[in-house]
């Protein structure tokens, strides 16, 4: 194999929304999404958190897999484990991202650029896109763009059952 240069990786993550009344907080792209004060009780369920061993931040988790894939260092499960007793249990996605960046550096890689597409009907990512990009970029140490889309009411994200994200990342050998 010749010189490595820039490597690309792709990641995906999906989680089901937690049942209403579960007490789970909604974290996406490193941001907490509180229930708006003006929200009706019926609409408040739309801000229920995401099921998962950690905070369920699909954007952060997809980005983690993309970074690790680019450097050929495994995936989120191989680094943080799976289940309630895993190393990553209860962790916030931003903290996991920072740990991944340190892991990349210790293996001779640095993030160069990344993109995350969040797929779901809620919450409305566009209202906080700049914040999401800033939070993820700060955690990773490179520019991270964030886009959002729906599936026109198709599939589990379209039916409001959950949310997903796809990420691509470039890393450089240092």
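Heads up, the Cβ atoms here are built off N, Cα and C, so glycines get one too.
Database features (Swiss-Prot):
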- 13, 14, 15, 75, 76, 77, 149, 150, 151, 152, 156, 159: 4-CDP-2-C-methyl-D-erythritol 2-phosphate binding site (BINDING)
- 13, 15, 61: divalent metal cation binding site (BINDING)
- 53: site 'Transition state stabilizer' (SITE)
- 150: site 'Transition state stabilizer' (SITE)
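Least packed by the Cβ count within 10 Å, out of the recorded positions 13, 53, is 53. Residue 53 (site 'Transition state stabilizer') sits 20 Å from residue 156 (4-CDP-2-C-methyl-D-erythritol 2-phosphate binding site), taking the Cα positions as reference. Non-local neighbourhood of residue 150 (site 'Transition state stabilizer'): 119, 120, 121, 157, 158, each in the same chain, at least six residues away, with C-beta under 8 Å from its C-beta. Residues near residue 61 (divalent metal cation binding site) in space but far in sequence (CB under 8 A, at least 6 apart, same chain), listed by position: 11, 13, 54, 76, 93, 96, 165. The binding-site residues examined here are 15, 76, 156; by Cβ neighbour count within 10 Å, the least packed of them is 156. Note: residue 151 (4-CDP-2-C-methyl-D-erythritol 2-phosphate binding site) has non-local neighbours 119, 157, 158, i.e. same-chain residues 6+ apart with C-beta under 8 A of its own C-beta.
Spanning the residues 13, 14, 15, 75, 76, 77, 149, 150, 151, 152, 156, 159 that the record associates with binding 4-CDP-2-C-methyl-D-erythritol 2-phosphate, the maximal Cα-Cα distance equals 31 Å. Sequence-distant contacts of residue 149 (4-CDP-2-C-methyl-D-erythritol 2-phosphate binding site), defined as residues of its own chain at least six apart whose C-beta falls under 8 angstroms from its C-beta, comprise 117, 118, 119.
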